[in-house]
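**Student:** Handing you a structure now.
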Amino acid sequence: MKRTFIMMLDSFGIGAAADAEAFGDTGSDTFGNIAKACAEGKANEGREGPLKLPNLARLGLAQASKESTGQLPAGFSDDVEIIGAYGHADELSTGKDTPSGHWELAGVPVLYEWGYFSDHTNSFPKELTDKILARAGLSDYLGNCHASGTAILEELGNEHMTSGLPIFYTSADSVFQVACHEETFGLENLYTLCQIVREELEPYNIGRVIARPFVGTGPSDFARTGNRRDYAVEPPAKTVLDKLKDSGGEVVSVGKIADIYAHCGITKKIKASGLEALFDATLEELKVAGDNTIVFTNFVDFDSHFGHRRDVAGYARSLEYFDSRLPELMALMGEDDLLLLTADHGCDPTWPGTDHTRERVPVLAYGAGLEAGSLGRRKSFADMGQSIASYFKLEPMEYGESFIK
């Protein structure tokens, strides 16, 4: 029985990419800088001491990082029994965003430039917002700027609740975000508005619209909820997910995976929010997954709760929690199953600003008869998609080199 389990540690980069300078990200290293902060006692909130990831270490994480950056992360050692195949991958895609990383992993790099709203204030063209407001029956909106999602709630959340006007904002990514209160504005109203925005953005080549619902009574307790929804454009070609689905296989999305691929190539969708719930849901799907199945989970909290918010201790705590549960997952694997752990970009919580960082990502592969040891530098995330295609004996992808023969 052949099954592949893809665990996407959203934003868990392992060192600046070769082209990081073009993004202002030279020196970024999500894993390495978290490990350094932990070793220096600077991440002791809710945890203590050096970063402890024994199960990921056995899969080759620290060695992959060493090959990427030239040095072992602080607190990690070469003296560990490696049981998996490990490597690091550069990104071919032009951006450091979520769709680009996910699509490239599945064999379809984004080789064109996304559209962006580059102005930090008055970010959106009036022609665009006028059309959105007219279709949505709204008189105005708030925001129109680059912002952190939590900061803009503190700034504009109260005004939104009293005025009923949605909050529009963006970032360095190719994205249009809409924040609205679940109760005063209404969740379904937010989703309807975001669908309108998605349709009106077609000429602008924007990768995603993100619905950002929140709850609370004021700045001190405003909190974004798990009812986020992403409205992505479709990948420009068939991914390995599509190819498996077309061949009669199953592709199970856990978390926001289906949204990222615009629901293309997905046969089953499992909603879950939060690291624990996502892991629980993943284990349940692994227990029932049949032959020719991919179970694909995005662990978004690493990025949204800790990377963007520059919360080093929170990121470290969550990595340690994730690591502690890996044995449960591995115990469910059959001898022919393939486990892949990777990331879609970096989001170094020690880095200036709140945006993603252009980094290499880990490629940790276990099972399916793979020999433990180094896979070396992979020229594209698409090597993972090509390897999945090889594993399932699908038609080869256009991009990528398989490490499964």
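Note that Cβ sites are derived from N, Cα and C of the backbone, with glycine treated the same way.
Quantities reported herein were computed from a predicted structural model and do not represent experimental measurements.
Below, the features straight out of Swiss-Prot:
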- Asp10, Asp344, His345: Mn(2+) 1 binding site (BINDING)
- Asp303, His308, His356: Mn(2+) 2 binding site (BINDING)
**Student:** Near the Cβ of His308 (Mn(2+) 2 binding site), how many other Cβ atoms are there if near means within 10 Å?
**Tutor:** 20
**Student:** Using only C-alpha positions, which one of Asp10, Asp344, His345 is spatially nearest Asp303 (Mn(2+) 2 binding site)? These are the binding-site residues in the record.
**Tutor:** Asp10
**Student:** Please work out the number of neighbouring Cβ atoms within 10 Å of the Cβ of His356 (Mn(2+) 2 binding site), leaving out its own Cβ.
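**Tutor:** Excluding its own Cβ, the number within 10 Å is 29.
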**Student:** Compile a sequence-ordered list of residues in the same chain as Asp10 (Mn(2+) 1 binding site), six or more apart from it, whose Cβ lies below 8 A from its Cβ; state 'none' when nothing qualifies.
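**Tutor:** Listed in sequence order, they are Thr98, Asn298, Phe299, Val300, Asp301, Phe302, Asp303, Ser304, Gly307, Ala343, Asp344, Cys347.
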**Student:** Name the residue among the binding-site residues Asp303, Asp344 whose Cβ has the smallest number of other Cβ atoms within 10 Å.
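**Tutor:** Candidates: the binding-site residues Asp303, Asp344. Fewest Cβ atoms within 10 Å: Asp303.
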**Student:** Round to a whole number and give the Cα-to-Cα distance in Å for the pair His308 (Mn(2+) 2 binding site) and His345 (Mn(2+) 1 binding site).
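**Tutor:** For His308 (Mn(2+) 2 binding site) versus His345 (Mn(2+) 1 binding site), the Cα atoms are 12 Å apart.
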**Student:** I want to check the contact list for His345 (Mn(2+) 1 binding site): same chain, sequence separation of six or more, C-beta distance under 8 angstroms. What comes out?
**Tutor:** Ser11, Gly13, Glu91, Lys96, Asp97, Thr98, Ser100, Gly101, His356, Thr357, Arg358, Glu359, Val361
**Student:** For the recorded Mn(2+) 1 site formed by Asp10, Asp344, His345, name the remaining residues of the chain with Cβ within 8 Å of the site's Cβ center, in chain order.
**Tutor:** Met8, Leu9, Ser11, Phe12, Gly13, Thr98, Gly101, His102, Asp303, Ala343, Gly346, Cys347, His356, Val361
**Student:** List, in sequence order, the residues of the same chain other than Asp303, His308, His356 whose Cβ lies within 8 Å of the centroid of the Cβ atoms of the recorded Mn(2+) 2 site.
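**Tutor:** My list of surrounding residues reads Asp10, Ser11, Ser304, Gly307, His345, Cys347, Thr354, Asp355.
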